[in-house]
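Structure first, commentary second.
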Amino acid sequence: MSAPRGDHAILRARNLTKRVATLGPSTDVLRPDELIKFLDLVDGVRINLAHASPNEVKFRIEAVRSYEKAKNRPLAVIVDLKGPSIRVGSTSPINVQEGEVVKFKLSDKSDGTYIPVPNKAFFSAVEQNDVILMLDGRLRLKVTNTGSDWIEAVAESSGVITGGKAIVVEGKDYDISTPAEEDVEALKAISPIRDNIDYVAISLAKSCKDVDSVRSLLTELGFQSQVAVKIETKGAVNNLEELVQCSDYVVVARGDLGLHYGLDALPIVQRRIVHTSLKYGKPIAVATQLLDSMQSSPIPTRAEINDVFTTASMGVDSLWLTNETASGKYPLAAVSWLSRILMNVEYQIPQSPLLQNSRDRFAKGLVELAQDLGANILVFSMSGTLARRIAKFRPRGVVYVGTPNVRVARSLSIVWALEPLYIPAENYEEGLEKLISLKGTTPFVATYGIRGGVHSVKVKL
(Lines of atoms letter the chains of each structure in order from A; the text may use other names.)
(Lines give C-alpha, C1' and ligand atoms only; values in the text may rest on other atoms or scores of the structure.)
Protein backbone atom coordinates (compact mmCIF):
# COMPACT_ATOMS: atom_id res chain seq x y z
CA MET A 1 0.00 0.00 0.00
CA SER A 2 1.46 3.34 -1.05
CA ALA A 3 1.02 6.01 1.62
CA PRO A 4 2.80 9.24 2.53
CA ARG A 5 6.00 8.88 4.53
CA GLY A 6 6.53 10.53 7.88
CA ASP A 7 5.53 10.30 11.51
CA HIS A 8 1.74 10.35 11.65
CA ALA A 9 1.87 11.82 15.19
CA ILE A 10 3.68 14.88 13.82
CA LEU A 11 1.08 15.20 11.07
CA ARG A 12 -1.69 15.15 13.65
CA ALA A 13 -0.02 17.78 15.80
CA ARG A 14 0.26 20.23 12.92
CA ASN A 15 -3.20 19.83 11.47
CA LEU A 16 -5.44 22.79 12.26
CA THR A 17 -8.11 21.77 9.76
CA LYS A 18 -9.66 18.68 11.34
CA ARG A 19 -10.14 15.32 9.67
CA VAL A 20 -13.22 13.13 9.91
CA ALA A 21 -13.35 9.63 8.42
CA THR A 22 -16.39 7.45 7.88
CA LEU A 23 -16.27 4.01 9.47
CA GLY A 24 -17.63 1.03 7.57
CA PRO A 25 -16.81 -2.45 6.30
CA SER A 26 -13.30 -1.39 5.22
CA THR A 27 -12.32 -0.09 8.64
CA ASP A 28 -14.00 -3.02 10.42
CA VAL A 29 -11.35 -5.38 9.02
CA LEU A 30 -8.27 -3.28 9.80
CA ARG A 31 -5.73 -5.05 11.98
CA PRO A 32 -5.44 -3.60 15.52
CA ASP A 33 -2.16 -1.85 14.68
CA GLU A 34 -3.67 -0.45 11.46
CA LEU A 35 -6.73 0.83 13.32
CA ILE A 36 -4.51 2.67 15.80
CA LYS A 37 -2.60 4.35 12.95
CA PHE A 38 -5.91 5.16 11.24
CA LEU A 39 -7.40 6.79 14.36
CA ASP A 40 -4.13 8.63 15.05
CA LEU A 41 -4.73 10.47 11.77
CA VAL A 42 -8.31 11.60 12.39
CA ASP A 43 -10.02 13.95 14.82
CA GLY A 44 -13.49 12.47 14.53
CA VAL A 45 -15.36 9.57 12.97
CA ARG A 46 -18.67 9.34 11.17
CA ILE A 47 -21.09 6.42 11.02
CA ASN A 48 -23.84 6.47 8.40
CA LEU A 49 -27.03 5.02 9.90
CA ALA A 50 -28.33 4.36 6.38
CA HIS A 51 -25.70 1.63 6.02
CA ALA A 52 -25.10 0.39 9.57
CA SER A 53 -27.11 -1.83 11.90
CA PRO A 54 -27.34 -0.96 15.62
CA ASN A 55 -24.84 -3.74 16.37
CA GLU A 56 -22.39 -2.34 13.80
CA VAL A 57 -22.76 1.15 15.27
CA LYS A 58 -22.05 -0.23 18.75
CA PHE A 59 -19.03 -2.24 17.54
CA ARG A 60 -17.48 0.76 15.80
CA ILE A 61 -18.05 3.19 18.65
CA GLU A 62 -16.59 0.73 21.16
CA ALA A 63 -13.45 0.49 19.03
CA VAL A 64 -13.11 4.29 18.98
CA ARG A 65 -13.66 4.68 22.72
CA SER A 66 -11.17 1.88 23.44
CA TYR A 67 -8.57 3.78 21.39
CA GLU A 68 -9.54 7.02 23.12
CA LYS A 69 -8.99 5.49 26.56
CA ALA A 70 -5.64 3.97 25.61
CA LYS A 71 -4.34 7.17 23.98
CA ASN A 72 -6.06 9.69 26.29
CA ARG A 73 -7.13 11.51 23.13
CA PRO A 74 -10.79 12.51 22.69
CA LEU A 75 -12.42 11.87 19.31
CA ALA A 76 -15.81 13.08 18.13
CA VAL A 77 -18.35 10.47 17.05
CA ILE A 78 -20.91 11.60 14.48
CA VAL A 79 -23.92 9.54 13.43
CA ASP A 80 -25.51 10.52 10.14
CA LEU A 81 -29.27 10.14 9.77
CA LYS A 82 -30.63 8.67 6.56
CA GLY A 83 -33.14 11.49 6.19
CA PRO A 84 -36.51 11.63 4.46
CA SER A 85 -35.21 10.36 1.13
CA ILE A 86 -37.05 8.46 -1.59
CA ARG A 87 -35.52 5.10 -2.44
CA VAL A 88 -36.18 2.19 -4.78
CA GLY A 89 -38.13 -0.69 -3.23
CA SER A 90 -37.14 -4.34 -3.37
CA THR A 91 -36.25 -5.50 -6.88
CA SER A 92 -33.90 -7.66 -8.87
CA PRO A 93 -31.26 -5.60 -10.75
CA ILE A 94 -32.73 -3.51 -13.58
CA ASN A 95 -30.32 -2.84 -16.44
CA VAL A 96 -31.30 0.50 -18.01
CA GLN A 97 -29.91 1.43 -21.42
CA GLU A 98 -29.73 4.93 -22.88
CA GLY A 99 -32.89 5.69 -24.90
CA GLU A 100 -34.96 3.04 -23.11
CA VAL A 101 -38.41 3.89 -21.71
CA VAL A 102 -38.50 3.14 -17.98
CA LYS A 103 -41.59 2.88 -15.77
CA PHE A 104 -41.83 3.76 -12.06
CA LYS A 105 -44.77 2.36 -10.06
CA LEU A 106 -46.08 2.90 -6.53
CA SER A 107 -45.07 -0.44 -5.05
CA ASP A 108 -42.92 -2.05 -2.35
CA LYS A 109 -41.36 -4.56 -4.73
CA SER A 110 -40.97 -5.50 -8.38
CA ASP A 111 -40.09 -8.49 -10.53
CA GLY A 112 -37.58 -6.32 -12.40
CA THR A 113 -39.89 -5.11 -15.16
CA TYR A 114 -40.44 -1.71 -13.51
CA ILE A 115 -38.90 0.41 -10.75
CA PRO A 116 -40.86 0.11 -7.48
CA VAL A 117 -41.15 3.25 -5.34
CA PRO A 118 -43.04 2.77 -2.04
CA ASN A 119 -43.71 6.45 -1.39
CA LYS A 120 -46.54 8.62 -2.74
CA ALA A 121 -44.52 11.81 -2.20
CA PHE A 122 -42.37 10.87 -5.20
CA PHE A 123 -45.33 10.69 -7.56
CA SER A 124 -46.78 13.91 -6.18
CA ALA A 125 -43.53 15.79 -6.79
CA VAL A 126 -42.75 14.65 -10.33
CA GLU A 127 -44.07 16.49 -13.39
CA GLN A 128 -43.63 16.04 -17.11
CA ASN A 129 -40.17 17.12 -18.37
CA ASP A 130 -38.62 16.74 -14.91
CA VAL A 131 -35.26 14.98 -14.75
CA ILE A 132 -34.91 12.05 -12.35
CA LEU A 133 -31.37 11.39 -11.11
CA MET A 134 -30.09 8.10 -9.73
CA LEU A 135 -26.75 6.42 -9.03
CA ASP A 136 -25.20 9.70 -7.77
CA GLY A 137 -26.29 11.46 -10.95
CA ARG A 138 -24.76 8.97 -13.38
CA LEU A 139 -28.21 7.82 -14.48
CA ARG A 140 -30.52 10.54 -15.86
CA LEU A 141 -34.12 9.91 -16.86
CA LYS A 142 -36.35 12.52 -18.57
CA VAL A 143 -40.01 12.27 -17.51
CA THR A 144 -42.39 11.93 -20.47
CA ASN A 145 -45.68 10.95 -18.81
CA THR A 146 -47.14 10.82 -15.30
CA GLY A 147 -50.09 9.37 -13.41
CA SER A 148 -51.16 9.34 -9.78
CA ASP A 149 -49.17 6.16 -9.08
CA TRP A 150 -46.90 5.73 -12.11
CA ILE A 151 -44.30 7.62 -14.15
CA GLU A 152 -42.72 6.99 -17.53
CA ALA A 153 -39.30 8.36 -18.38
CA VAL A 154 -36.68 8.03 -21.11
CA ALA A 155 -33.15 7.17 -20.03
CA GLU A 156 -30.57 9.76 -21.09
CA SER A 157 -27.74 7.52 -19.87
CA SER A 158 -27.23 3.90 -18.85
CA GLY A 159 -26.94 2.18 -15.47
CA VAL A 160 -28.00 -0.73 -13.28
CA ILE A 161 -30.69 0.00 -10.67
CA THR A 162 -30.91 -2.11 -7.52
CA GLY A 163 -33.09 -1.95 -4.43
CA GLY A 164 -32.47 0.82 -1.92
CA LYS A 165 -30.98 3.31 -4.39
CA ALA A 166 -31.85 6.97 -3.79
CA ILE A 167 -34.06 8.83 -6.25
CA VAL A 168 -33.67 12.58 -6.71
CA VAL A 169 -35.77 14.92 -8.83
CA GLU A 170 -33.45 17.60 -10.17
CA GLY A 171 -34.09 20.93 -8.47
CA LYS A 172 -36.95 19.71 -6.27
CA ASP A 173 -37.42 18.78 -2.63
CA TYR A 174 -39.89 16.13 -1.50
CA ASP A 175 -42.72 17.11 0.83
CA ILE A 176 -41.72 14.71 3.62
CA SER A 177 -41.46 15.57 7.28
CA THR A 178 -38.18 15.46 9.21
CA PRO A 179 -37.16 13.31 11.02
CA ALA A 180 -38.26 10.39 8.86
CA GLU A 181 -39.80 7.40 10.62
CA GLU A 182 -36.71 5.34 9.77
CA ASP A 183 -34.55 7.91 11.55
CA VAL A 184 -36.76 7.82 14.63
CA GLU A 185 -36.43 4.04 14.80
CA ALA A 186 -32.67 4.18 14.17
CA LEU A 187 -32.13 6.66 17.01
CA LYS A 188 -34.27 4.58 19.35
CA ALA A 189 -32.21 1.50 18.48
CA ILE A 190 -28.90 3.19 19.36
CA SER A 191 -30.19 5.14 22.36
CA PRO A 192 -28.49 2.72 24.83
CA ILE A 193 -25.12 4.10 23.61
CA ARG A 194 -26.30 7.71 23.27
CA ASP A 195 -23.70 9.05 25.72
CA ASN A 196 -20.99 8.08 23.21
CA ILE A 197 -22.54 10.04 20.33
CA ASP A 198 -21.33 13.63 20.10
CA TYR A 199 -23.07 14.86 16.95
CA VAL A 200 -26.18 13.78 15.07
CA ALA A 201 -26.10 14.92 11.43
CA ILE A 202 -29.48 15.76 9.89
CA SER A 203 -29.98 14.88 6.24
CA LEU A 204 -32.28 16.83 3.91
CA ALA A 205 -33.27 19.50 6.44
CA LYS A 206 -35.04 22.41 4.77
CA SER A 207 -35.73 24.77 7.68
CA CYS A 208 -35.14 25.34 11.39
CA LYS A 209 -38.47 23.62 11.99
CA ASP A 210 -36.83 20.38 10.79
CA VAL A 211 -33.82 21.01 13.04
CA ASP A 212 -36.04 21.74 16.04
CA SER A 213 -37.99 18.52 15.43
CA VAL A 214 -34.79 16.47 15.55
CA ARG A 215 -33.58 18.32 18.66
CA SER A 216 -36.89 17.55 20.39
CA LEU A 217 -36.60 13.88 19.47
CA LEU A 218 -33.03 13.72 20.76
CA THR A 219 -34.09 15.31 24.05
CA GLU A 220 -37.00 12.89 24.35
CA LEU A 221 -34.64 9.94 23.85
CA GLY A 222 -32.08 11.27 26.34
CA PHE A 223 -29.39 12.28 23.82
CA GLN A 224 -27.13 15.22 24.65
CA SER A 225 -25.62 15.27 21.16
CA GLN A 226 -25.06 18.45 19.19
CA VAL A 227 -26.79 18.79 15.84
CA ALA A 228 -24.94 19.04 12.53
CA VAL A 229 -27.05 20.22 9.60
CA LYS A 230 -26.19 18.94 6.14
CA ILE A 231 -26.83 21.47 3.39
CA GLU A 232 -27.68 19.31 0.39
CA THR A 233 -30.82 20.62 -1.37
CA LYS A 234 -32.00 23.83 -3.03
CA GLY A 235 -34.50 24.29 -0.22
CA ALA A 236 -31.67 24.23 2.33
CA VAL A 237 -29.60 26.69 0.31
CA ASN A 238 -32.60 29.00 -0.02
CA ASN A 239 -32.92 28.99 3.80
CA LEU A 240 -29.17 28.99 4.35
CA GLU A 241 -28.82 31.85 6.86
CA GLU A 242 -31.67 30.51 8.96
CA LEU A 243 -30.30 26.95 8.97
CA VAL A 244 -26.76 28.05 9.80
CA GLN A 245 -27.94 30.03 12.80
CA CYS A 246 -30.00 27.18 14.29
CA SER A 247 -27.30 24.52 13.84
CA ASP A 248 -24.32 23.55 15.98
CA TYR A 249 -22.24 22.46 12.97
CA VAL A 250 -22.78 22.92 9.23
CA VAL A 251 -21.86 20.36 6.57
CA VAL A 252 -21.56 21.01 2.83
CA ALA A 253 -22.88 17.70 1.47
CA ARG A 254 -21.45 18.00 -2.03
CA GLY A 255 -22.76 14.70 -3.33
CA ASP A 256 -26.43 15.59 -3.07
CA LEU A 257 -25.85 19.27 -3.81
CA GLY A 258 -24.31 18.21 -7.11
CA LEU A 259 -27.60 16.53 -8.03
CA HIS A 260 -29.66 19.66 -7.38
CA TYR A 261 -27.30 22.14 -9.01
CA GLY A 262 -25.28 21.88 -12.18
CA LEU A 263 -21.78 20.63 -11.41
CA ASP A 264 -20.39 23.90 -12.76
CA ALA A 265 -22.38 25.80 -10.10
CA LEU A 266 -21.26 23.60 -7.20
CA PRO A 267 -18.05 25.55 -6.34
CA ILE A 268 -20.06 28.77 -6.09
CA VAL A 269 -22.68 27.15 -3.84
CA GLN A 270 -19.98 25.57 -1.68
CA ARG A 271 -18.22 28.89 -1.21
CA ARG A 272 -21.49 30.60 -0.28
CA ILE A 273 -22.25 27.99 2.40
CA VAL A 274 -18.74 28.21 3.84
CA HIS A 275 -18.73 32.01 3.94
CA THR A 276 -22.17 32.14 5.57
CA SER A 277 -21.07 29.69 8.26
CA LEU A 278 -17.91 31.69 8.95
CA LYS A 279 -19.98 34.88 9.12
CA TYR A 280 -22.05 33.45 11.96
CA GLY A 281 -19.13 31.68 13.61
CA LYS A 282 -20.50 28.18 13.10
CA PRO A 283 -18.11 25.27 12.54
CA ILE A 284 -18.22 24.17 8.91
CA ALA A 285 -17.29 20.91 7.19
CA VAL A 286 -17.08 19.84 3.56
CA ALA A 287 -17.87 16.23 2.72
CA THR A 288 -18.02 13.82 -0.22
CA GLN A 289 -15.64 12.88 -3.04
CA LEU A 290 -12.59 14.60 -1.62
CA LEU A 291 -10.29 11.68 -2.48
CA ASP A 292 -12.86 9.56 -4.29
CA SER A 293 -10.41 7.71 -6.54
CA MET A 294 -8.80 6.24 -3.41
CA GLN A 295 -11.70 3.83 -3.16
CA SER A 296 -9.69 1.77 -5.64
CA SER A 297 -6.28 3.48 -5.82
CA PRO A 298 -3.59 3.84 -3.12
CA ILE A 299 -2.84 7.41 -4.22
CA PRO A 300 -5.16 10.33 -5.07
CA THR A 301 -5.30 12.14 -8.38
CA ARG A 302 -3.69 15.53 -8.86
CA ALA A 303 -7.14 17.06 -9.26
CA GLU A 304 -8.23 15.63 -5.90
CA ILE A 305 -5.15 16.99 -4.16
CA ASN A 306 -5.90 20.41 -5.60
CA ASP A 307 -9.57 20.13 -4.56
CA VAL A 308 -8.66 19.31 -0.95
CA PHE A 309 -6.10 22.13 -0.88
CA THR A 310 -8.53 24.68 -2.32
CA THR A 311 -11.41 23.60 -0.10
CA ALA A 312 -9.32 23.76 3.06
CA SER A 313 -7.97 27.18 2.09
CA MET A 314 -11.52 28.55 2.37
CA GLY A 315 -11.23 28.22 6.13
CA VAL A 316 -13.31 25.11 6.87
CA ASP A 317 -13.12 23.46 10.29
CA SER A 318 -13.04 19.92 8.96
CA LEU A 319 -13.01 17.72 5.88
CA TRP A 320 -14.98 14.48 5.87
CA LEU A 321 -13.94 11.36 3.99
CA THR A 322 -16.89 9.10 3.16
CA ASN A 323 -16.66 6.12 0.79
CA GLU A 324 -12.87 6.43 0.67
CA THR A 325 -12.62 5.00 4.18
CA ALA A 326 -15.99 3.29 4.71
CA SER A 327 -15.87 0.96 1.73
CA GLY A 328 -12.66 1.74 -0.17
CA LYS A 329 -9.62 -0.50 -0.48
CA TYR A 330 -7.17 1.91 1.15
CA PRO A 331 -8.72 3.60 4.22
CA LEU A 332 -5.39 4.12 6.01
CA ALA A 333 -3.75 5.58 2.92
CA ALA A 334 -6.73 7.92 2.46
CA VAL A 335 -6.44 9.51 5.92
CA SER A 336 -2.65 9.67 5.53
CA TRP A 337 -2.94 11.57 2.27
CA LEU A 338 -5.57 13.91 3.68
CA SER A 339 -3.21 14.82 6.53
CA ARG A 340 -0.30 15.28 4.15
CA ILE A 341 -2.23 17.65 1.89
CA LEU A 342 -3.54 19.70 4.80
CA MET A 343 -0.03 20.29 6.15
CA ASN A 344 0.64 22.60 3.21
CA VAL A 345 -2.61 24.53 3.52
CA GLU A 346 -3.12 25.71 7.07
CA TYR A 347 -1.11 28.91 7.17
CA GLN A 348 -2.45 30.21 3.87
CA ILE A 349 -6.00 30.57 5.21
CA PRO A 350 -6.93 34.27 5.67
CA GLN A 351 -8.75 35.69 8.66
CA SER A 352 -12.49 35.57 8.08
CA PRO A 353 -14.79 38.55 8.58
CA LEU A 354 -17.21 37.76 11.39
CA LEU A 355 -20.02 39.47 13.23
CA GLN A 356 -18.66 41.35 16.24
CA ASN A 357 -19.76 41.73 19.88
CA SER A 358 -17.78 42.30 23.08
CA ARG A 359 -17.07 38.60 23.64
CA ASP A 360 -15.99 38.19 20.03
CA ARG A 361 -13.63 41.14 20.48
CA PHE A 362 -12.12 39.52 23.56
CA ALA A 363 -11.57 36.25 21.69
CA LYS A 364 -10.15 38.08 18.68
CA GLY A 365 -7.80 40.00 20.98
CA LEU A 366 -6.49 36.74 22.45
CA VAL A 367 -5.83 35.36 18.98
CA GLU A 368 -4.03 38.51 17.84
CA LEU A 369 -1.96 38.70 21.04
CA ALA A 370 -0.90 35.07 20.73
CA GLN A 371 -0.06 35.54 17.06
CA ASP A 372 2.04 38.66 17.75
CA LEU A 373 3.94 36.83 20.51
CA GLY A 374 4.32 33.59 18.58
CA ALA A 375 2.53 31.90 21.47
CA ASN A 376 0.06 29.07 21.87
CA ILE A 377 -3.34 29.70 23.43
CA LEU A 378 -4.39 27.77 26.54
CA VAL A 379 -8.04 27.80 27.60
CA PHE A 380 -9.77 26.07 30.49
CA SER A 381 -13.48 25.79 29.77
CA MET A 382 -16.42 24.04 31.39
CA SER A 383 -18.71 24.30 28.36
CA GLY A 384 -16.35 24.97 25.45
CA THR A 385 -18.03 28.26 24.53
CA LEU A 386 -14.92 30.47 24.71
CA ALA A 387 -12.84 27.86 22.88
CA ARG A 388 -15.31 27.83 19.99
CA ARG A 389 -15.36 31.62 19.96
CA ILE A 390 -11.55 31.71 19.72
CA ALA A 391 -11.61 29.17 16.88
CA LYS A 392 -13.87 31.47 14.84
CA PHE A 393 -10.90 33.78 14.36
CA ARG A 394 -8.76 31.00 12.89
CA PRO A 395 -5.67 31.12 15.15
CA ARG A 396 -2.52 29.93 13.38
CA GLY A 397 -1.34 27.79 16.28
CA VAL A 398 -2.81 24.98 18.33
CA VAL A 399 -5.31 26.03 21.01
CA TYR A 400 -5.08 23.69 23.99
CA VAL A 401 -8.46 23.41 25.70
CA GLY A 402 -8.71 21.83 29.12
CA THR A 403 -12.15 20.73 30.29
CA PRO A 404 -13.50 18.50 33.06
CA ASN A 405 -16.30 17.37 30.76
CA VAL A 406 -15.32 14.54 28.40
CA ARG A 407 -18.33 15.24 26.17
CA VAL A 408 -17.17 18.82 25.69
CA ALA A 409 -13.67 17.57 24.88
CA ARG A 410 -14.99 15.20 22.25
CA SER A 411 -17.22 17.79 20.58
CA LEU A 412 -14.35 20.30 20.37
CA SER A 413 -12.04 17.83 18.64
CA ILE A 414 -13.46 18.67 15.19
CA VAL A 415 -13.35 22.45 15.61
CA TRP A 416 -10.54 24.42 13.96
CA ALA A 417 -7.19 24.33 15.82
CA LEU A 418 -8.65 23.11 19.12
CA GLU A 419 -6.72 20.36 20.91
CA PRO A 420 -9.02 19.26 23.77
CA LEU A 421 -7.66 17.69 26.95
CA TYR A 422 -9.70 16.05 29.68
CA ILE A 423 -8.66 17.76 32.94
CA PRO A 424 -10.71 17.07 36.09
CA ALA A 425 -10.96 20.24 38.19
CA GLU A 426 -13.32 21.74 40.77
CA ASN A 427 -12.99 25.32 39.51
CA TYR A 428 -11.53 27.47 36.72
CA GLU A 429 -8.36 28.47 38.59
CA GLU A 430 -7.45 24.87 39.39
CA GLY A 431 -8.20 23.75 35.84
CA LEU A 432 -6.11 26.49 34.24
CA GLU A 433 -3.14 25.76 36.50
CA LYS A 434 -3.31 22.06 35.61
CA LEU A 435 -3.46 22.94 31.91
CA ILE A 436 -0.47 25.28 32.22
CA SER A 437 1.52 22.57 33.98
CA LEU A 438 0.84 20.23 31.05
CA LYS A 439 1.17 22.57 28.06
CA GLY A 440 2.77 25.77 29.36
CA THR A 441 6.40 24.98 28.50
CA THR A 442 6.49 27.40 25.55
CA PRO A 443 5.26 31.02 25.24
CA PHE A 444 1.52 31.05 25.85
CA VAL A 445 -1.54 33.19 26.38
CA ALA A 446 -3.84 31.50 28.90
CA THR A 447 -7.37 32.25 30.06
CA TYR A 448 -10.33 30.49 31.61
CA GLY A 449 -13.20 32.27 29.99
CA ILE A 450 -15.76 34.74 31.18
CA ARG A 451 -17.40 34.64 34.59
CA GLY A 452 -19.69 37.52 35.39
CA GLY A 453 -17.92 39.62 32.80
CA VAL A 454 -14.50 39.24 34.47
CA HIS A 455 -11.59 38.03 32.31
CA SER A 456 -8.40 36.44 33.61
CA VAL A 457 -5.46 36.26 31.19
CA LYS A 458 -1.95 34.96 31.88
CA VAL A 459 0.95 35.48 29.49
CA LYS A 460 4.30 33.68 29.44
CA LEU A 461 7.00 35.04 27.14
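A Cβ is built for glycine as well, from the same backbone N, Cα and C atoms used for every other residue.
Note that the structure is predicted; figures quoted are calculated from it, not measured.
Taken from Swiss-Prot, the feature substrate binding site covers ARG46, GLY255, ASP256, THR288, and the record attributes it to similarity to another entry. Counting only same-chain residues six or more apart in sequence, the Cβ atoms lying under 8 angstroms from the Cβ of ASP256 (substrate binding site) belong to VAL168, LEU204, LYS230, GLU232, THR233. DSSP gives ASP256 (substrate binding site) a helix state.
Taken from Swiss-Prot, the feature K(+) binding site applies to ASN48, ASP80, supported by similarity to another entry. ASP80 (K(+) binding site) has a Cβ environment of 25 other Cβ atoms inside 10 Å. DSSP gives ASP80 (K(+) binding site) a strand state.
The feature ATP binding site is assigned by Swiss-Prot to ASN48, LEU49, ALA50, HIS51, ARG87, LYS165. ARG87 (ATP binding site) carries a strand DSSP state (E or B). Cβ contacts within 10 Å of ARG87 (ATP binding site), excluding its own Cβ and spanning all protein chains shown: 17.
According to its DSSP assignment, LYS230 (site 'Transition state stabilizer') is in a strand. The site 'Transition state stabilizer' annotation in Swiss-Prot covers LYS230.
The Mg(2+) binding site annotation in Swiss-Prot covers GLU232, ASP256 and rests on similarity to another entry. Counting Cβ atoms from all protein chains shown, GLU232 (Mg(2+) binding site) has 25 others lying within 10 Å of its own Cβ.
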Number of other Cβ atoms within 10 Å of the Cβ of LYS165 (ATP binding site) across all protein chains: 17
THR288 (substrate binding site) and ALA50 (ATP binding site), Cα-Cα, nearest whole angstrom: 15
Additional residues around substrate, ordered along the sequence, whose Cβ is within 8 Å of the centroid of ARG46, GLY255, ASP256, THR288: LYS230, GLU232, ALA253, ARG254, ALA287, GLN289, TRP320, THR322
Spatially closest candidate among ASN48, LEU49, HIS51, ARG87, LYS165, the listed binding-site residues, to THR288 (substrate binding site) (Cα to Cα): ASN48
Three-state secondary structure, ASN48 (K(+) binding site) (per DSSP): strand
Length of the line joining the Cα atoms of LYS165 (ATP binding site) and GLY255 (substrate binding site), in Å: 14
Lowest local Cβ density (other Cβ within 10 Å) among binding-site residues: LEU49, ALA50: ALA50
